[in-house]
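Peer 1: Quick one: the structure is below, and I'll ask about it shortly.
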Amino acid sequence: MEKHFSMAGYALKRLMTEYKELTLRPPEGVLASPVDEDNFFEWECLITGPEETCFANGVFPARISFPQDYPLSPPKMRFTCDLFHPNIYADGRVCISILHAPGDDPTGYESSSERWSPVQSVEKILLSVVSMLAEPNDESAANVSAAKMWREDRQQFERIADNLVRRTLCLPMRED
């Protein structure tokens, strides 16, 4: 029990430090903070779609859940809005290397250097997700139909993305 408490205490201290850093120097296009002051292990985020992409100008809410042994284990991230993207599961979970458990990939697809390590941070996660929105990895798809459409019918993919962006901005959907 004592070890669990000290690890959770370390995780809390680390999360408080990262939050302070994000407040002082917020990365462009993202906002993130704990849901409330009593729970630093659950964060809300707003991610702006990267410029010059089909997600540009969209504002996408997400949540990050941190384990009690953070930063030894990675957090989990999930978009809380509809987002049609090759690297996002239908339930909103984000599938990106930086959030995968440390060590060797059992499938051999990712190198251990691409996976989670304790030197990563909330800021690096958020920036990686923005980058993922701009440049999907259709070779390692969480949403196979989105990956297939991204490869084979980019115009249709961009039409769907545009309507998702419009929905986040409370604008009418396009019919075309």
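Every residue, even glycine, has its Cβ placed from backbone N, Cα and C.
Copied straight from TrEMBL:
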DOMAIN    10-170  domain 'UBC core'
ACT_SITE  Cys95  active site, glycyl thioester intermediate
Peer 1: When you measure from the Cβ of Cys95 (active site, glycyl thioester intermediate), which residues in the chain that are at least 6 apart have a Cβ under 8 Å away?
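Peer 2: Same-chain residues close to Cys95 (active site, glycyl thioester intermediate) (Cβ under 8 Å, separated by 6 or more) are Asn87, Ile88, Tyr89, Ser140, Ala142.
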Peer 1: Quick one: average pLDDT across the domain 'UBC core' (10-170), no decimals.
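Peer 2: In the predicted model, the domain 'UBC core' (10-170) has a mean pLDDT of 91.
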